[in-house]
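Here is what Swiss-Prot records for this protein:
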- 5-121: domain 'MTTase N-terminal' (DOMAIN)
- Cys14, Cys50, Cys84: [4Fe-4S] cluster 1 binding site (BINDING)
- 145-375: domain 'Radical SAM core' (DOMAIN)
- Cys159, Cys163, Cys166: [4Fe-4S] cluster 2 binding site (BINDING)
- 378-440: domain 'TRAM' (DOMAIN)
Amino acid sequence: MTREKLLYLETFGCQMNVSDSEKIAALLKGIGYFPTQDSSQADLVILNTCSVRAKAEEKVYNHLVQYKGLKRKKPGIILGVGGCVAQQEGERLLANVPHLDIVFGTHNLHLLPELVRAAEKGERLAEVGFIDNETRLDLFPVDERTDGVSRFVTVMQGCENFCSYCIVPYVRGREISRRSADILGEVRGMAGNGVKEVTLLGQNVNSYGLKSSGEMSFIALLREVSLIPGIERIRFTTSHPKDFSQPLIDCFAEIPKLCRHIHLPAQSGSNAVLAAMNRGYTREEYLGSIARLKAACPSIQITGDIIVGFPGETEEDFQATLSLMEEVRYTDVFSFIYSKRPETKAAGYADEVGQDEKQGRLSRLLDLQRRITLETNKSFVGTVQQVLIEGESRRGGQFYGRTSGNRVVNLAADVSLVGSIVNVMITRGDQNSLQGELCR
């Protein structure tokens, strides 16, 4: 009997990459590769990569060095790299990494089965061409998994904002929206398999449908998804603050299934830095959107992204960022030290902030956010929250779930409750999660 072939798939970076990895796994299952958690047992290793920051890119190259030894022990193993590093480097990756077999870009996932078949015959190939056609976003097997209660659904890909620091437009391409009929069909299929929560994904979901003649708007898409039986919660990410309209804000008050959480990246609280970043809004405009959002939905939980040490950022600029964080009261912030990215406008900016200063500012920012997060989590103690139970917690004998506001809750529960939304009394607020008890 022939042994089934094994796939080890490692994902770096954002939720879009997580979604892409799910597609990769489904495609490769179609040609006989099944997942393993042990890379040493794999016949095929795929790294789905991120290049949004230099540190993420360095991590990929470090992993490729580690796989050189595995390739030596198992010469027949196939090693592939996809995602944003692959899109950025293309043929150079094959030239610089002799033990690499396949390079495929962000627009070429659907070609992966034939690339693997070619690699099985000893060929080394790179496919990184952009395909400006929405049909490529639907060239994937139907998701037939019955595990998990929460899924990602890609609604669009690409970005045309060209923030001065950001490589995404260069590695994900121009904005392309999927057909709404295909999106709704995918969500209906997921609902039929027991999925209760979907997260609609795009680099800038606000732009959904704007370039597609006759296609519905993102707001209309949200409303259509909310009508699908079985889907009890809807999330979306990411929104660009300059496009965050009042009609979209109103959806948080008008669509009961839309979760009370929004990820709205500010990147900085300084108008001078925001202008240099080409963000397209001011501090005042951002805070105005936050105020309107809180007025429409007082229970909204807000997360964001912050970059520290952008070229020319002064101590005064940094203090403006800290004061913005205090005013918004983010429940979490993803914060990063600025790093130059190839092809971006900011890569040519002078007035670099020193590395020690960057690190010091990041530490101060993290200290502030930890305080705000802990205060926020403690404020939930004594309240009853609706929690979607997702699975077993790493804490022995407990399960975990999320509130509508995206706070993780650990609690004693029964496996029969996985996939159910239950009322939970919050008994403790910790730094990274909440502790609760089922309301009987």
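Residue numbers in this text run from 1 along the chain shown.
Keep in mind that glycine also has a Cβ here, set from the backbone N, Cα and C atoms.
Here the features listed in Swiss-Prot are placed on the structure.
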{"residue": "Cys14", "record": "[4Fe-4S] cluster 1 binding site", "Cβ neighbours (10 Å)": "20"}
{"residue": "Cys50", "record": "[4Fe-4S] cluster 1 binding site", "Cβ neighbours (10 Å)": "21"}
{"residue": "Cys84", "record": "[4Fe-4S] cluster 1 binding site", "Cβ neighbours (10 Å)": "27"}
{"residue": "Cys159", "record": "[4Fe-4S] cluster 2 binding site", "Cβ neighbours (10 Å)": "22"}
{"residue": "Cys163", "record": "[4Fe-4S] cluster 2 binding site", "Cβ neighbours (10 Å)": "21"}
{"residue": "Cys166", "record": "[4Fe-4S] cluster 2 binding site", "Cβ neighbours (10 Å)": "22"}
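When secondary structure is read from DSSP and collapsed to three states, Cys84 ([4Fe-4S] cluster 1 binding site) falls in the helix class. Secondary structure from DSSP puts Cys159 ([4Fe-4S] cluster 2 binding site) in coil. One way to see the shell of the [4Fe-4S] cluster 2 site is to take the Cβ centroid of Cys159, Cys163, Cys166; the remaining same-chain residues with a Cβ within 8 Å of it are Asn161, Phe162, Tyr165, Ile167, Val168, Pro169, Gln203. If you take the Cα of Cys163 ([4Fe-4S] cluster 2 binding site) and the Cα of Cys50 ([4Fe-4S] cluster 1 binding site), they are about 17 angstrom apart, rounded to a whole number.
Taking the mean position of the Cβ atoms of Cys14, Cys50, Cys84 as the [4Fe-4S] cluster 1 site, the remaining residues of that chain whose Cβ falls within 8 Å of it are Phe12, Gly13, Met16, Asn17, Thr49, Ser51, Val52, Ala56, Gly83, Val171.
The two recorded residues, Cys159 ([4Fe-4S] cluster 2 binding site) and Cys84 ([4Fe-4S] cluster 1 binding site), have Cα atoms 13 Å apart.
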